[in-house]
Amino acid sequence: MYKSKVLVGFVLICYILFAIFEFSGYQDVAYYFNSLIVPIITVLYFLLIKRKSKLFLWFLLSYSLADILGLVIGSIPNGPSWIYDFSYYFGNSLYILSYLFLVIKISKSICFSHIIKHFKLHLLVLSILNVYLLYVLHAIIDPNLVIESDYYIELTYNIVVLLLLSMSLLNYFYKDNKKSLYLFLGALCIVFAEVMDIAYIYIDQRSFLNFLSTTLALSAFYFFYQQSKLLNVSNQEEKYLVAEHN
């Protein structure tokens, strides 16, 4: 209990300091505190959650490694251009990999034959929405890209993020329990955080956009952490377990 309070305290301190420095105009310092939030959450999960999911742990580790990489590279003053290229490609690849681990984790609990049979209209609407969102995101990003490889990594990144949202929503339709709801809310926060991040990078570098992106990302990891403590049972089974416990 003491460890959890200390680690949660560190997360809140990093978030508050990030906000203070971000709105004070010290974006570089704010970035450092921002990059420490998820690694601390990863330590929190590793130390306190007894029933660990390997895929969820790999998700946290990959995401944390990408944040730490950005932190280290950002600390190098006037480094050669290849270091920043490496940070961009390898860092984004780690983020993509982390989301893929989460997609695989969610997909393992879904019966796709049941989804196809009972949620045809949902799948159609979801597919149209994903295509539209992908189009809008790349309409924003594409004019700012110079190298063709940047286009492909941004495209892959956005596809994987939208895939995560879709899988979490289908999982909620299928499971209809608190765990699946937390997963969906976490994925939804991640998508909105990424949209805010794109707006901050490519449209207008206002501190409020970066603050909103970080707040949404922190909310996402809160929901992801909370779902990791729950059993993945159906809604009816969940009610039965609660009644039995009482």
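Yeah, the Cβs are placed from backbone N, Cα and C, and that goes for glycine too.
As the structure is a computational prediction, the values presented were derived from the model and not from experiment.
Under the heading transmembrane segment, TrEMBL lists 7-23, 29-48, 55-76, 88-107, 119-140, 155-174, 181-202, 208-225.
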| remark: When counting C-beta pairs under 8 angstroms to the transmembrane segment (208-225), the leading stretch of 29-48, 88-107, 119-140, 155-174 is 29-48
| field | Distal contacts, the transmembrane segment (29-48) - CB-CB under 8 A, six or more residues away | value | 3-4, 7-8, 10-11, 14-15, 17-22, 56-57, 60-61, 63-64, 67-68, 70-71, 74-75, 210, 214, 217-218, 221, 225, 228
| field | Cβ-based contact of the transmembrane segment (119-140) with the transmembrane segment (181-202), 3 or more pairs under 8 Å | value | yes
| So which residues does the transmembrane segment (88-107) touch in its own chain, when a touch means Cβ under 8 Å and the partner is 6 or more beyond its ends? | 53, 55-56, 58-63, 65-66, 69-70, 73, 149-150, 153, 156-157, 160-161, 163-164, 167-168, 171, 183, 187, 190, 224
